[in-house]
């Protein structure tokens, strides 16, 4: 196959009606699902199996032969069998010489073997052109029509022509091939499906840790302190009240943590006077998980909205309101409307509604289906400009609601500040530093540094 035809195939998969026969070794769930999908896409499929008896599970129109006979009928052989059963391929080495052998296997744990399954297969079949592919797609995804989350297929191999043939098949199945390079990349491709939310570990652990801390903090001040010093049993606060205090605090702090690494990065660049030095590893990892932190913050904000909406239905709230009405009736006294408190109440609710609306907008634009349809400037405007506006509104929402407790001695139980005071430390710090960074005297040199200017050039002319 010459270079011109290879390029044409890369742009247009296979425009002829006749497709090459594909052989699949293995009649398990994935082998059957892959064969069924290939038949739908116009590929003749032949199965190589120990038993040549036709089963009802085998896709219709597929042929079942022995391993040797099936391999002789196709130029592409897909190995849908686990690594521990690869030994049956050794007697077929001569038949498979010069053919494209696709390894789709996965392991049970990360780095289970010294070498990848695909590299091991190439050692068993030195004359075959081994390609790694399809291991990131599940049988269920193939049967259900390849959902968006399962459309990408990582492909790697040492033979460019063999790799191109496999990528053409991937495109014909309605999937998206991603060339990962040589067969040395197979180890990482095989480890990929075994990773459990790799970018979510730090945000989740951080969220669990902060949630546990703030929950215990509120439990000590609102339940234990009240029981010891006031002899009141407010243990039912654990169900609604305390979670409704922890959720907004977590949402605000996590949102601030999304923008704090960007502020720290700007300070480091200003201090160094260059952008051509790596950030510390902890800052790199922090910046890579900002999207996950933002989505978890949105989840906490959504819980806060739900808890707030159900609050009027609580027995405690009904009892407290009824007690106030009865007290006014018995004293024959009506409390006048406090316009100041009414303004504060409406203001903090309005700020919360606007902040939550922008919060949801940030979450929507982070979805791949949305972010892929906007250019970089539009995405940056939403995530940066509107993101800081969201942080300002949410911080103001908390300040208006909990700011009155700063000067109230009764708010400092056991000399500890209220939880809302603690929640304002990180976001206020971020906003103050960001306000300083937008000054022209600071923003101008920072912009020059990010455009390539260096205070002390590495190379002198």
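From the backbone N, Cα and C atoms, a Cβ is placed for every residue, glycine too.
Automatic prediction, not curation, is the source of TrEMBL annotations.
Within the set 323-346, 419-442, the record from TrEMBL flags 419-442 under the feature transmembrane segment. When TrEMBL is compared with the stretches 176-194, 347-365, the one noted as transmembrane segment is 347-365. Between the stretches 134-156, 249-271, TrEMBL puts its transmembrane segment entry on 249-271. In summary, the transmembrane segment (204-229) lies against the transmembrane segment (292-310): three or more C-beta pairs, each 6 or more positions apart in sequence, are under 8 Å. Between the transmembrane segment (419-442) and the transmembrane segment (292-310) there are fewer than 3 Cβ pairs closer than 8 Å, counting only pairs 6 or more residues apart in sequence, which means the two stretches are not in contact. Secondary structure of the domain 'Ferric oxidoreductase' (249-383), assigned with DSSP and counted as helix (H, G, I), strand (E, B) and coil, comes to 111 helix, 0 strand, 24 coil.
As a whole-number mean, the pLDDT of the domain 'Ferric oxidoreductase' (249-383) in this prediction is 88.
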